[in-house]
Amino acid sequence: MPHLDAIYIFCGDESRHQGWTQNWTKIKGVHTTIKEIYQALQLVVKQSDQDTIAVSFLTADEMASTENLNQLELTFMYTHILKEILLDVEYSRDAIQNLTTYCRNIFTDNSIELQIINEFEREYRPKKAIWWYTRECFTYKMLNQALRMLDADMIINMGFFIRHIHQHIEHLYKQQVSSYERKPFVVYRGQGFMKSDFEKLQKAKGGLISFNNFLSTSKNEKVSLSFARNASTKPDMVGILFIMSIDPCLQSTPFASIKEESYFKEENEILFSMHTVFQVGAIIQMDSNNQVYQVELQLTSDDDHQLRTLTDRIQEEVGSTTGWRRLGKLLLTIDEFDKAEEVYNVLLKQTSDEDEKSLYYGCLGHVKHEQGDYEKAIWYYEQGLDIKQKLLPSDHLLLATSYNNIGSVHNNKGDYATALSFYEKALEIKQKSLPSNHPSLAISYNNISGVYNNMGDYSKALTFYEKELEICQETLSSYHPLLATLYNNIGGVYKDMREYSKALSSYEKALEIRHESLPSDHPSLASSYSNVGNVYDIMGEYSKALSSYEKALEIRQISIPSNHLLMATSYNNIGSVHNNMGDHTTALSFYEKALEICQEDLPSLATTYNHIGFVYHNMGEYSKAFSFYEKALEIRQKALPSNHPSLAISYNNIGGVYKDMGEYSKALSSYEKALEIRQKSLPANHPSLASSYNNIGNLYDNTGEYSKALSYHEKALEICRETLPSTHPLLATSYNNIGLVYKDMGEYTEALSFFKKDLEICQKTLPSNHPSLATSYNNIGLVYKDMREYSEALSFFDKALEICQETLRANHPSLATSYNNIGLVYKDMGEYSKALSSHEKALEIQQKTLPSTHPDLVTSYSNIGLVYNHMGEYSKALSSHEKADEIRQKTLPSNHPDLATSYNNIAKVYYNMKDYSKALSYLDRALDIRQCLLPPTHPHIKDVEEYIEIVKNEIINNI
């Protein structure tokens, strides 16, 4: 019933049904004659047609800023270009037969319409176009549907008919214009608007409204008002009475009285041609319940300055192309790829010309590329290339275009070697055919730079960007927007090289150019602020990062729709800073805003799922983290080739959760999948391979397989030394990882040597208060602690604490890490009250900022328990260890190695309490877990076995 709009009853006795039908709002009438019910149904059909006419709105602000056409309503541009195309295209004699063949396929089972289609094929003439349009048959239905749904196939087939209607109206206008005696007059139109469209209309006051179909109006205000009132009875609609002021002296969209030409002679109708544009004036409420409004419209002149500026801007986008190609080009420009695909498929089907086929294959390749369907994109591009290779010499510039297009798809697929091969073919042709400073060569250099950057070959990427920069500086003004784009690209390479000061310098040059050359609210300025913010975020300068990201968001809120993907990018960026600052709740709130926007864009959706997973991972909520990482992986598996580098990122994330959950075999499987993808898709020395080797090395370190861990970390180190600058942070990461292995092996001198190499790089490349330096100081401090050089350990822990206090908010979890480390030193020094104070500071911070089941809380409870155990306060020690154990039981698998640590700690307390049977019970549980997960020679197994022997001896001695 919800989809049923109205019910009409036909019967022999009207009085019999008058009573009960009053209770049903959808019953609109009871009729006893065919004529009556026919007339009633005619009115309701006309009402429906009136209410569903497609309209577009342009606010005054949108008209004032025509820089970004994507902000304008698609239908306004679409019908503007469409109208010009229809008046421009010459139709063949076959057009009528093509339409009737097309219509017969639609109305296969409708014998009445088929008869009318046959009649149309026999008798249609251009001078009868309005008669056929107003006849309520397939012509009227299909034309209205085509223009309402913007159905490219239907519009192209009906193009000649639309043109003829326009020409017929234009002819009548010329005949009738003198009868208006140059005096303005008023016409009316009553219809319903969906409430959402009415809100748009209200915002467009002072702006423009475009009726994108042929527009039927009346000189009878009462009849028009009845249509408005009828529409207002529907719960989701507002009734509108348009009062349209027409100045016949203005040159505008043609209109005419069609009383003598219409199929229905009794109707006194004024018909306007399609895409008639009015200025929106006063909007006045006509009833007491906000359901009917009077809206004053003024017909615009073709010479209206703002309208002309806008239409000229649209013309610029479609350039000098003609016919239906113009529409396709506009749709590509404004990213309406599904519609563009419809247009180009129809054009491809209709042409037999090989040149045109090549062009349309290329356009369809572009569409599929933008839709992320890379295999089809390559297929279309290759079809176009095959035709060009047959028709053109091997060094023709059009072949270079095809090679570039195919290269771009392979680049997005992550198949960088193939992409490079095609880009180099394109470059070779251009170098033979063009002067050395031609802008087209700059495009090729840009493409090749991008591939080298993706391959991790940053020096080559920079070389080609510098070639491009040389051309641009020679051929463009110093503040040309393309220079800004180039500086952004160079900044991106430096950022990937971790040369952050150079990256920042390049991004700031881009920002300066855009400030000079673009309006203050231009979306490209937002992109520059985002890039600058990203560098500050990486450098740990979070307040500067947040400031830049917020400037970007502020611009985007003004310049693009609230559901634009770039809004999601801004929310993701701000979320990232808050996550890095340890404010996970705020981070999640921004990521969820991003998630709301990017539901339809799969790559952005996958990225946002990863961000949310990362926050939950940091919060120790592993099941939630795993869920979001898997959602991201699932999207990427569907949307990307099986060896795309983005899949490796997902597998690494999932591996990280498995590792932290103690499911080491699953973690290893995920890490190995990531490594396999990177080995297939990237050069053998790509830095991303080093990251994969580091992940696997860290896993083997956790399982105590130190020789394997060192082997993988050394592979990573070898790649970093071979391909990266000596101060690259990834090199620092490798030194840090090797240091951790040596520390766990008890080889403290070696560990210290590698940790200091890590520190040296961080000190050279990062600000003196960067949080990564705190991590380095903490690691060195832990080695000195294990070496029992407590004053040195405290010195480094104090440095770490100082950085955290200076750069992070007062209750950031990293502060708790420093306090816990300091507490460990005081415990080993036997200064238990100082140790307890430090651990309790850590716990207090964690309780304020982290979920009650976060693993970091376990660390603090365990540390406090160890101190109480040394102090002989066994009940307090037991209570703290049991709190730690309780969290682990809730959040970890039953065989997680951290549970073994809990059991071991509890066993030590029971041993000191001389409750040897309980101590032995907990030690047995710890041993079971460690034997299940770790190799038999692992020192943790040996420690438990030795302790079990001690406890057993005590039991024997106390029998």
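Here the Cβ of each residue, glycine as well, is placed from N, Cα and C on the backbone.
TrEMBL lists 358-391 (among others) with the feature repeat 'TPR'. Residues 325, 328, 332, 335, 337-338, 340-341, 344-345, 347-348, 351, 398-399, 401-403, 405-406, 408-410, 412-413, 602-603, 639, 641 of the same chain sit 6 or more residues outside the repeat 'TPR' (358-391) yet have a Cβ under 8 Å from a Cβ within it.
For the repeat 'TPR' (400-433), residue counts in helix, strand and coil come to 32 helix, 0 strand, 2 coil, using DSSP. The repeat 'TPR' annotation in TrEMBL covers 400-433 (among others).
Counting residue by residue with DSSP, the repeat 'TPR' (442-475) contains 31 helix, 0 strand, 3 coil. Look at TrEMBL and you will find 442-475 (among others) tagged as repeat 'TPR'.
Shown for the repeat 'TPR' (484-517): DSSP residue counts in helix, strand and coil, namely 31 helix, 0 strand, 3 coil. Taken from TrEMBL, the feature repeat 'TPR' covers 484-517 (among others).
The helix, strand and coil residue counts that DSSP assigns across the repeat 'TPR' (526-559) are 31 helix, 0 strand, 3 coil. TrEMBL lists 526-559 (among others) with the feature repeat 'TPR'.
Residues or ranges marked as repeat 'TPR' in TrEMBL: 568-601 (among others). Broken down with DSSP, the repeat 'TPR' (568-601) shows 27 helix, 0 strand, 7 coil.
As a whole-number mean, the pLDDT of the repeat 'TPR' (606-639) in this prediction is 92. For 606-639 (among others), the entry in TrEMBL reads repeat 'TPR'.
Among the features that TrEMBL reports, repeat 'TPR' is placed at 690-723 (among others). Tertiary proximity for the repeat 'TPR' (690-723) is limited to same-chain residues at least six positions away from its ends with a CB under 8 Å from its CB atoms, namely 456-457, 648, 652, 655-656, 659, 664, 667-668, 671-672, 674-675, 678, 730-731, 733-735, 737-738, 740-741, 744-745, 897, 933-935, 937-940.
According to TrEMBL, the feature repeat 'TPR' maps to 732-765 (among others).
Long-range Cβ contacts of the repeat 'TPR' (816-849) within its own chain (Cβ-Cβ under 8 Å, at least 6 residues beyond either end) map to 582, 584, 774, 778, 781-782, 785, 788, 790, 793-794, 797-798, 800-801, 804, 856-857, 859-861, 863-864, 866-868, 870-871. The repeat 'TPR' annotation in TrEMBL covers 816-849 (among others).
Annotated repeat 'TPR' per TrEMBL: 858-891 (among others), in sequence order. As a summary of secondary structure, the repeat 'TPR' (858-891) carries 32 helix, 0 strand, 2 coil according to DSSP.
According to TrEMBL, the repeat 'TPR' annotation covers 900-933 (among others).
Ranked by Cβ pairs under 8 Å to the repeat 'TPR' (858-891), the stretches 400-433, 568-601, 606-639, 732-765, 900-933 are led by 900-933. Applying DSSP to the repeat 'TPR' (690-723) sorts its residues as follows: 31 helix, 0 strand, 3 coil. Broken down by DSSP into helix, strand and coil, the repeat 'TPR' (732-765) contains 31 helix, 0 strand, 3 coil.
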